[in-house]
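*Asks:* Among the features that TrEMBL reports, compositional bias 'Polar residues' is placed at 138-152. According to TrEMBL, the domain 'Major facilitator superfamily (MFS) profile' annotation covers 1-378. Residues or ranges marked as region 'Disordered' by TrEMBL: 130-152. Feature annotation from TrEMBL assigns transmembrane segment to 183-204, 224-244, 251-269, 289-311, 323-347, 353-374.
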Amino acid sequence: MIFSYSKTGSGFMDAPVLTYVGEICEPSLRGILISYSLQFCSAGFFLQCLLGSVTTWRNVAFISLFFPATAFLCISQIPETPMWLLSKGRTRDAEKALCWLRGWVSPEDVAEEFSRLVEASNNAQYRHQTETKKTEANSHQGNTQSIVTCPSSRPPVPDPLVELHSPKLSFREKARDLLRPEILRPMLVIMTMNFFYLGSGFPAFKTYMVLLFQRIRVPMNANWASVCVSSAIIIGHLVLMLAVKWLGKRRIALISIFCVAFFDLAIAVHVNFQTAIEDAFGASANWFLFSYFIILTLTVSFGLGPVPWMLMSEIFPFRGRSFASGICAALYYITSSLIAKTFLSILNLLGVPGSYCLFGTVGMLGFIYAYLYLPETEGKTLEDIEDIYKHSHRQRR
């Protein structure tokens, strides 16, 4: 029950936070700042493991109340994103929000950026109105030749002081919106990448790593071994922060997935021949095995784990972003809960070697998928990313 409550809280939090960060960042800083926000998640996990090693779980739960309460007070002081305010016709508030987000500057200092945001908002509304007219024409006249068209392919550049307003979509319209290529295709990419992350076994391993470490006889106290693993998560996210602008998300994901598959298989082989390896290398053999888990943790935290969430903050068009992100986050947490519930059954059925052989096989399939279908989004504007999925499903740039 407690596990379900924690998953529910995370599901409410993750998608809105990452979407917010993605909308307020400049393209050149988006990857770094999103990975920076993920770093706090890994720091929280480390703190929970550390506290769990020195006190009871009840005390850990009580101490943990401080952090969401503090976060609630802090979040209540930040403004809505300028793009969201523009979509609601609140242009003045959007300008004030942008000034606040850029460091309490004057409107003149953000005039150029604000004009681009207004133009992007106006373009999104224009596309929505055009698609609505086409749909209405098709439904009334029954053929594609009678589609209503507009005299120009793009709307005029708007005056930043003009109050814009995007009509509120009904739930049915939002659901139909999910079938647009620029939403459906990135949703499939994110859900598939999350599947390969969950299929790597790492999320479930984090839940049961103390029990697993006791089972495979790691050469230290299992609780403190979990602290070492959580420290490796922090290091992995830190490396991601430093490398994402240089390598890009696509290359990072490919490196990470390949290493995850390799070390999953290495763990499977080592545990399968653990007795023989211990006879050959003595007590140091189990240190080798423990190092495999540490390196696996580093490589997962470097790419396969955070990259889908980073993409979720930027890969969807503004219209439909919150709805699509919420669906992806909900499906992730539902699947994560199911895998966590069945992880011990899989271990008992296949054993540790068989289970990690399965995880490694899933990782190899994930590498092939990412190579074929994962685009590079680092440094691109949100409109450029939308165009990638609007015009082509397979992008290897």
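Just so it is clear, glycine is given a Cβ too, placed from its N, Cα and C backbone atoms.
Context for these features, please: burial, neighbours, distances.
*Replies:* The average pLDDT computed over the domain 'Major facilitator superfamily (MFS) profile' (1-378) stands at 80.
Beyond the transmembrane segment (224-244), the same-chain residues lying 6 or more positions past its ends with a Cβ under 8 Å from any Cβ of the stretch are 31-32, 35-36, 38-39, 42-43, 45-46, 48-50, 52-53, 206, 209-210, 213, 218, 252, 290, 293-294, 297-303, 306, 310, 378.
Beyond the transmembrane segment (251-269), the same-chain residues lying 6 or more positions past its ends with a Cβ under 8 Å from any Cβ of the stretch are 193, 196, 200-202, 240, 243-244, 289, 292-293, 295-296, 299-300, 302-304, 307, 352-357, 359-364, 366-367, 370-371, 374, 376.
Through the fold, the transmembrane segment (353-374) approaches residues 189, 192-193, 196-197, 199-201, 249-250, 253-254, 257-258, 260-262, 264-265, 267-269, 271-272, 304, 346-347, 393-396 of its own chain, all at least 6 residues removed from its boundaries and within a Cβ separation under 8 Å.
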*Asks:* The transmembrane segment (183-204): which same-chain residues, six or more beyond its ends, come within Cβ distance under 8 Å?
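*Replies:* Apart from its flanks, the transmembrane segment (183-204) reaches 177, 253, 257, 260-261, 264, 296-297, 300, 304-305, 307-308, 311-312, 315-317, 320, 324, 327-328, 331-332, 335-336, 339-340, 343, 355-356, 358-359, 362-363, 365-366, 369-370, 373-374, 389, 393.
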